Amino acid sequence: MSIEINNISKYFGRTKVLNDITLDIPSGQMVALLGPSGSGKTTLLRIIAGLENQNAGRLSFHGTDVSRLHARDRRVGFVFQHYALFRHMTVFDNIAFGLTVLPRRERPNAAAIKQKVGQLLEMVQLGHLAERFPSQLSGGQKQRVALARALAVEPQILLLDEPFGALDAQVRKELRRWLRQLHEELKFTSVFVTHDQEEAMEVADRVVVVSQGNIEQVGTPDEVWREPATRFVLEFLGEVNRLSGEIRGSQLFIGAHHWPLDLAPMHQGSVDLFLRPWEMEVSTQSSDRCPLPVQVLEVSPRGHFWQLTVQPIGWHQDPISVVLPEGNIDAPVRGNRYYVGGLNARLYSGNQLLQPIALAQSA
């Protein structure tokens, strides 16, 4: 079941929280709405579910306008962050609840409900806990029950609002893998909200990055990671170093160092230069490739690489992060002096992207 969102806007009072959102979600895809708190991602999810109404725009499922359709008639399953299980019901009864309240003409008989719930319990690997109550379950088990309950009515679309946000890190990882496997088996269309970048990258087929009610970028996890479309996406996804520079003519200056640009840009003056830690080279000797001196402040071993916090010497005020692959040089220690450069620097004037530059040859 595909989802088509066309020019949707939403106000709360005089505050506009969604700005003319347009997005197509193909049938069978798992899509992450990723953004910081207050970005509008949960509001968009609730509009898809029918729990909120848009002020403008059209929402369609597989080409059929559902904008005025009540939530109960949309055949959408919804999983909340805090489970929303009925405390007085067993696991079995929680999962069966949606089936028991269907209109009489659509409601399965007791035997069919029992069979369906049994299948769902096995699917979420909780068959041995059918008679327990929510208070007797772990957080991960509760979330599996909530997911089984949402799937019981065979929804056309599954929506999840930060489904793993209340769980500890290890349980989150396990449930992410499990949900992805379940999606591969059932091929349902799914949209989930998260502010966890790792979660979005690991689980989703496509990632929709949202900020201040706007869609900043839509793409595969690899696309939004490697080719950020806007300055917001670049700064929001992962760790990035921001350096201050200045363009004079066709030269970029950082402290006492300067590099030639291919063309003299229209913009002259102050710019921001962005480099991700793993896009920087590190050397024990100054060279054309690594001309910028730094001193190591912190060393964090990460298995096959070292994460370094270094203080630029004479060319930038604040510490920056650098990734040093294991084996390139001797194990780093605090106080070591190195030289760094970069091969994929991105230049911005405000929110405008200027030409990329390699900090590999200092003029």
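Glycine is no exception: its Cβ is also placed from the backbone N, Cα and C atoms.
If you check Swiss-Prot, you get these features:
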- 3-237: domain 'ABC transporter' (DOMAIN)
- Gly35, Pro36, Ser37, Gly38, Ser39, Gly40, Lys41, Thr42: ATP binding site (BINDING)
Cβ within 8 angstroms of the Cβ centroid of Gly35, Pro36, Ser37, Gly38, Ser39, Gly40, Lys41, Thr42: which residues besides those meet this for the ATP site?
His195, Val210, Ser211
If you count Cβ atoms within 10 Å of each one, which of the binding-site residues Gly35, Pro36, Gly38, Gly40 comes out on top?
Gly35
Fewest other C-beta atoms within 10 angstroms, as judged across Ser37, Ser39, Thr42, which are the binding-site residues:
Ser37
Relative to the Cβ position of Lys41 (ATP binding site), how many further Cβ atoms are located within 10 Å?
28
How would DSSP class Thr42 (ATP binding site) in three states?
helix
Return one of helix, strand or coil for Ser37 (ATP binding site), based on DSSP.
coil
